[in-house]
Amino acid sequence: MERIVVTLGERSYPITIASGLFNEPASFLPLKSGEQVMLVTNETLAPLYLDKVRGVLEQAGVNVDSVILPDGEQYKSLAVLDTVFTALLQKPHGRDTTLVALGGGVVGDLTGFAAASYQRGVRFIQVPTTLLSQVDSSVGGKTAANHPLGKNMIGAFYQPASVVVDLDCLKTLPPRELVSGLAEVIKYGIILDGAFFNWLEENLDALLRLDGPAMAYCIRRCCELKAEVVAADERETGLRALLNLGHTFGHAIEAEMGYGNWLHGEAVAAGMVMAARTSERLGQFSSAETQRIITLLKRAGLPVNGPREMSAQAYLPHMLRDKKVLAGEIRLILPLAIGKSEVRSGVSHELVLNAIADCQSA
C-alpha cells in the first residue's frame, strides 16, 4: 500500500493506492460508524462496483444512499448536477453527510462540485476508477460542470477528505479509456520530470498490458507530482497552471467536436503536440524533442493531430474563453525541454494558428 499526503494545513488529506481497497472498510477513512453517505456513480460502473462499495461501507456501520448518473462527458452538466442535489434533498441529507464519488473524471468533478455547493459545503471522498482520474482529476480539488460554450467553466476549488485508488478498477476499464488516461501520465513527464518521461519510454508496453508493479509505480509517481504542485499552488496562480499542458488546445477540440466524441485524454494528447509545435516555432523547443513526444503518444495509441474537420481558426474562440486568459490574452503552457515547461503570454495568434496547422497536416 502506498500513501501520499496532499499537504494543505488543516485541509491535508491522504491518497491511498493499492489493490483490494474495496474489500477494506478502513480504506474509506475518515468515515465512521453511524455517519451518512451519498454514493454517486454512473450507469456503467454501478453494476460493477456499487454493491461492493456499498457493502464495505455498511460493514463499517455507515448509512448509504446512492444516485446513479448517466455515463459520458456530455452529461457533465448543470442539469445532471441537479439530480445529485435532488437526491440529497429528498432523503434529506444534512451538513454532516459525506458524498463519495465512485467513478472517473465526470463523476468526480460533478460530485465534488455538489459537495462544494450543497448546504454551502459538505465533506466528500474521491474513489477514482479510471486511470485519468487516478493520476490527475481526483487529486487537487478542482470541481466543475461543463457549459456548451466551454469545458469546466462553472465550478469551485474544493478539496476531498481523502482519495482512494483501488488499482483493481483498471481491470474493468475499456482499452480506449486506459489509453486516454496515459495522455495525462505522459503530460507529467513533459512538464515536470524528464526522468519519469524516460521511464515511460522504457515501460509503456508494461502499462498497456496493466502490469501491476509498473502501474502502481506510474500512478504513485503522478500523484506525488500532483500533490507537490497542489501543495505549492492550490488555486492555480502560478506553478499549478503547468498541469494544463495541452488543455487549452484540447478543451477547444472537446467543445467544438461535442463533449464525448473525443475523450479528454485524446484531445489533450493532440493539444500537447500543438503546444510543442508552438514552442518550436518560438525557437525554444527542439524538433527532436517534439518527435520524442509524438513517438510516445503514438505508441500509446493516442492521436497526435487535431480533427481533420476542425480548422485552425475554429480553435481561437474556444481558446479565448480559456480559464487561463488574462486581460484578453491567451496564456499557453509550453515545453522548454522534456521535464521543463513555462506559462507563456503574448504569443501571436498567427503563430499559434500556424502551429495548429502543422498538426493538422502532419
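Glycine residues also receive a Cβ, built from the backbone N, Cα and C atoms like all the rest.
Here's what Swiss-Prot has on this protein:
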- 71-76, 105-109, 129-130, LYS142, LYS151, 169-172: NAD(+) binding site (BINDING)
- GLU184, HIS247, HIS264: Zn(2+) binding site (BINDING)
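Separating the Cα atoms of GLY105 (NAD(+) binding site) and HIS247 (Zn(2+) binding site) is a whole-number distance of 15 Å. Taking Cβ-Cβ distances under 8 Å and a sequence separation of 6 or more, the neighbours of HIS247 (Zn(2+) binding site) in its chain are VAL268, GLY271, ILE333. The binding-site residues GLN74, GLY108, THR130, CYS169 include none with a CA atom within 10 A of the CA of GLU184 (Zn(2+) binding site). The Cα atom of HIS264 (Zn(2+) binding site) lies nearest to that of GLN74, taking the binding-site residues GLN74, GLY108, CYS169 as the candidates. Summary: among the binding-site residues (GLY105, CYS169), the fewest other C-beta atoms within 10 A of the C-beta are counted at CYS169. Taking the mean position of the Cβ atoms of GLU184, HIS247, HIS264 as the Zn(2+) site, the remaining same-chain residues with a Cβ inside 8 Å of that point are LEU132, ASP136, ALA183, LYS187, GLY246, GLY250, GLY265, ALA267, VAL268. The local packing around GLU184 (Zn(2+) binding site), expressed as other Cβ atoms within 10 Å of its Cβ over all shown chains, amounts to 26. Annotation note: GLY108 (NAD(+) binding site) sits in a helical segment as assigned by DSSP. The binding-site residues listed here are GLN74, THR130; among them, THR130 has the most other Cβ atoms within 10 Å of its own Cβ.
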